[in-house]
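Peer 1: Submitted below is the structure of interest, expressed as structure tokens.
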Amino acid sequence: MSAIQAAWPSGTECIAKYNFHGTAEQDLPFCKGDVLTIVAVTKDPNWYKAKNKVGREGIIPANYVQKREGVKAGTKLSLMPTVPAAGLTWGRDPLHTWLEAGITESEPLHYTSDADGLCTRLIKPKVMEGTVAAQDEFFRSGWALNMKDLKLLQTIGKGEFGDVMLGDYRGNKVAVKCIKNDATAQAFLAEASVMTQLRHSNLVQLLGVIVEEKGGLYIVTEYMAKGSLVDYLRSRGRSVLGGDCLLKFSLDVCEAMEYLEGNNFVHRDLAARNVLVSEDNVAKVSDFGLTKEASSTQDTGKLPVKWTAPEALREKKFSTKSDVWSFGILLWEIYSFGRVPYPRIPLKDVVPRVEKGYKMDAPDGCPPAVYEVMKNCWHLDAATRPSFLQLREQLEHIKTHELHL
Ligand code: AMP
């Protein structure tokens, strides 16, 4: 270790570069790939006090571990130029149809949508230009995992980018998003790089990334045994899930969103399908594919109309307040046990009606106090919508005063 390197503060996460067996009793042995958290400096700058995943503490050699840092997607990982670059081919995909129809990106939004009101992605470059840079970046930042340590067990879901598989990573169950060479690596890498910067007990935790030389790409996250919240609500229903449970899910999501709000991250695709449920029934926000730092003006090609705030649909004004709108829709999904929002209204009529001030009715059996919270999220004027901090306080008030039963 360089003598001039600043000491790592307590709480710094490191990843082991080599095995360390330890020689003295106070040493903390570890294996290559283990994640360790710095607890304190020692008198010797070459050694730290650290703890491992199961909480055991001991002394570790600084030069055996690498500090984990956030990965900034930035230009280095950018695989998606606005204009096809030389050597980059575009597939026969919606972009072609879009361009051939004479629609440009600067025009107001025109999206084709499927039955659920979800729109198809419009831009899909075929070549994974920049994958090497991405690999370097993940190695540099300590997020690269070794394929040898990962066993892929079975497919558990189909995502926008490819299959989601259950895996075993060094004895732990993990979820693995797999993408093969010729698909949309850009959005996939953007998702992983956003996830390296975020940490909260109600956000699905990134464990690492594998970028294979032959082009395979894998994002490894914590495994959420009970799957997506929308499926969970639909399959259990009213007879199984009581008011306590619904309010707990609402608060779980709200806490994650309060954390994102505090860190100036905008999710842009908050919906029950993008919330996952853990073995012990904790709801966690997932799918950061569209998440951007608040300052970003970058475009997205996919907009879920029924979940997106009017100003975001109209003027691409995504903000924490547009996430608040989506959170209101998500609350409605929770209290209706996973129904598709705006039932019985044709999709094409949703936006015009919402813009005139139409709001969904309370789901059957929804406590009036919770319905008030939802409606506040749907103020047409974004500035008058509550913050996630206020929403969390309101939901906690409902919980402590048992207004949820
Ligand atoms: P996504 O690509 O994130 O939309 O995921 C597609 C589906 O895969 C989800 O609806 C889940 O059923 C499943 N899935 C995704 N991530 C996980 C995870 N971390 N744990 C368990 N299942 C997951």
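Backbone N, Cα and C atoms are what each Cβ position is placed from, and that goes for glycine too.
Remember, predicted model here, so these are calculated numbers, not experimental data.
Taken from TrEMBL, the feature domain 'SH3' covers 9-70. Residues or ranges marked as domain 'Protein kinase' in TrEMBL: 150-404. TrEMBL lists Lys177 with the feature ATP binding site.
Are these features on the surface or tucked inside, and what touches them?
Peer 2: In the three-state DSSP assignment, the secondary structure recorded for Lys177 (ATP binding site) is strand.
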Peer 1: Counting every protein chain present, what is the number of Cβ atoms, excluding its own, within 10 Å of the Cβ of Lys177 (ATP binding site)?
Peer 2: 23
Peer 1: Over the domain 'Protein kinase' (150-404), work out the mean pLDDT and round it to an integer.
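Peer 2: Taking every residue in the domain 'Protein kinase' (150-404) and averaging pLDDT yields 89.
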